[in-house]
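*Asks:* Sharing a structure below in structure tokens format, with a few things to ask.
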Amino acid sequence: MVRFVLTRIATAIPTLFLVSIAVFALMRMIPGDPAALMLGDLAQPGQLEALRHEMGLDRPIALQYLYWLGDVLSGDFGQSISTRQPVLPLMLERFSVSATIVVVAVFFATLIAVPAGMFAAWRQNRAGDIAVIATSTLLLSIPSFWLGLMLLLIFGLQLGWLPVVGYVPFSRDFGSALLFIILPVVTLVLVESGSITRMARASTIEVARLEYITHARAKGLPESTVMWRHAFKNAFAPTMTLIGLVLGSLLANIAVIEMVFTIPGLGRLLVDGIYARDYPIVQGCMLFTAFLYVLVNLLVDLLYPLLDPRVTA
Amino acid sequence: MIARALGIPAMRFNGLIGITVVGLLLLVAIFGPWLAPYDPLKLDLLARLKGPSAAHLLGADEFGRDMLSRLMYGARTSAWIAFATVLFAIVFGTFFGILAGFLRGWTDRLLMMVNDALLAFPGLLLALGFMAVFGASRNGIIIALGIAYMPVAVRVVRGTVLSIREREYVEASRVMGNSGIVTMLRHVLPNCLAPIMVLATTMFGWVVLSESALSFLGLGVPPPAPSWGNMLSTGRPYINQAPHIIILPGLCISITLLGVNLLGDAVRDWLDPKMQD
């Protein structure tokens, strides 16, 4: 078990390393000199050279990467070109906003989608199954940002039940914070339930064909015991991998939802950084999000043996 | 249930819907310029934000441009970008996948290292990074999304190649003295086609969605050229006054995705019976 955990962690390190190279290389492909961008049009002739030297841009590219990596590992992600704020605290603040919405949404999506998928598998090819499949295929086909706009139009503008745009931190006012995140969370729950339901259904059907399920039924156990005690654990393992992927990719995809509801999250920070050509922000957000994605997937892998002890062997 | 009433198996019925929707999309995409009642960029300020009427069947947008014409040109944009992106991802993905799977050794290790690094980025993130490099443009999206989705193709093709390279007919081709390239093209590539087709159909849907998301974020197709995503983005401030300019483009994206998803399931069941639930 310890060996499994250590091996799995060890394999994530080269991935993280490669991700950092990819982000660094990508940022260097952006046309224009970052130092010139920082100075703007009013730079004096000597100033550019001085800043290039200060930023290390006159060093060989491999050395620049190593210096940058060293800084990042010590928590220094540089500072924003437009606001001069340090990038890391800014990202962490925005991340707490995105993470709240994403985690709550994925939690509820799982709570709804896994039982729905198992129910569909149990009623395979009957009316209940067809209804679940049809709904999840439909949900899978609706873009989250459009669904968000539609919910905003109906519940925010037409009915006036919920606030339309903005965000209040939970630490300031719990009640109104809750009101503000209802629409974005509901949007994500609906959209993400589609794929999770389909996965839960497919893996339950796979497991239900196995002999130990037939055996459990033959013992005369009630269907609910067969499903929850015997089928669930094995069927949930592959679904959990998908949930990890959904959780990780939502941290990037949430940019569109944050755009719809004007939420100051990490995705917005990245997109605004791209508009403003604020490359330390873009670089920081990309690295941060990709690292989180790798870590979430690592965590899911580490949780796997709890459901299926065979993987540690 | 309708399917059962008509006596068609449900899967084939879904596939039929899928192919109809995708077929319609392609027809509109190809013949849009002849079918559209107006120039999609023509302003008619008197019709601004007006709902459906005889002159403008689906109403007009915030500049009085005809919605129907813009949606038709939007279909053209989406279909072209999705087609070009999938082609890009599949062609390069297949090339690198076969190379890695067939040559093995260092080529494989190096290619897979780069591939895994790209796969370590979630969904839109890599595409967003490339859009920062290329700037918002049509070709920018094709390359950005193409590179972002290529690693999936590399993985699928390499996996298939690894499973067939040890088969007897590949061995036989080598024993007969055929060169590596001939063996790859004549015997390995044709056997990769089924999984590639399944992936290409699924990928078409991903690209339609991602392109509309990028355009919605203002990092995709630049206005005034119509794309469903940028219509949602520029129309957003008028959502309460003229809901139709927001409802219609989203409906187009959803129907397209539904069609592609149904078609994808059908293609998968048809080409790969093992994967059937």
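Backbone N, Cα and C atoms are what each Cβ position is placed from, and that goes for glycine too.
According to TrEMBL, the protein carries these features:
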{"type": "DOMAIN", "residues": "A:95-304", "note": "domain 'ABC transmembrane type-1'"}
{"type": "TRANSMEM", "residues": "A:12-30", "note": "transmembrane segment"}
{"type": "TRANSMEM", "residues": "A:95-118", "note": "transmembrane segment"}
{"type": "TRANSMEM", "residues": "A:130-154", "note": "transmembrane segment"}
{"type": "TRANSMEM", "residues": "A:174-191", "note": "transmembrane segment"}
{"type": "TRANSMEM", "residues": "A:235-261", "note": "transmembrane segment"}
{"type": "TRANSMEM", "residues": "A:281-304", "note": "transmembrane segment"}
*Asks:* Based on Cβ pairs under 8 Å, which of the stretches A:12-30, A:130-154, A:174-191, A:235-261, A:281-304 lies most in contact with the transmembrane segment (A:95-118)?
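*Replies:* It is A:235-261, which has the most Cβ pairs under 8 Å.
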*Asks:* For the transmembrane segment (A:281-304), could you work out the same-chain residues 6 or more beyond its ends whose Cβ comes under 8 Å from its Cβ atoms?
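*Replies:* Cβ under 8 Å, 6 or more out: 5, 8-9, 12, 15-16, 19-20, 22-24, 26-27, 72, 77-78, 80-81, 87-88, 90-91, 95, 237, 240-241, 243-245, 247-249, 251-252, 266, 269-270, 272-274, 311.
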*Asks:* For the transmembrane segment (A:130-154), find every same-chain residue at least 6 residues outside the stretch whose CB is under 8 Å from a CB in it, and list them.
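*Replies:* Sequence-distant neighbours of the transmembrane segment (A:130-154): 113, 116-117, 119-120, 164-165, 183-184, 186-188, 190-191, 193-195, 197-198, 201, 253, 256-257, 259-261.
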*Asks:* Using a Cβ cut-off of under 8 Å, list the residues of the same chain at least 6 residues beyond the transmembrane segment (A:174-191) that approach it.
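*Replies:* Tertiary neighbours of the transmembrane segment (A:174-191) are 100-102, 104-106, 108-109, 112, 139-140, 142-144, 147-148, 151-152, 155-156, 162-163, 166-168, 250, 254, 257-258, 260-261, 263.
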*Asks:* Apart from its near flanks, which chain residues at least 6 from the ends of the transmembrane segment (A:12-30) lie with a Cβ under 8 angstroms of it?
*Replies:* 61, 65, 68-69, 72, 277, 279, 282-283, 286-287, 290-291, 294-295, 298
*Asks:* When you scan the chain for residues with a C-beta under 8 Å from the transmembrane segment (A:235-261), skipping those not six or more beyond its ends, what do you find?
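*Replies:* Same-chain contacts beyond the ends: 98-99, 101-103, 105-106, 109-110, 114, 117-118, 121, 143-145, 148-149, 152, 164-167, 180, 183-184, 187-188, 192, 195-196, 199-200, 203-204, 206-207, 267-268, 270-271, 289, 292-294, 296-297, 299-300, 303-304, 307-308.
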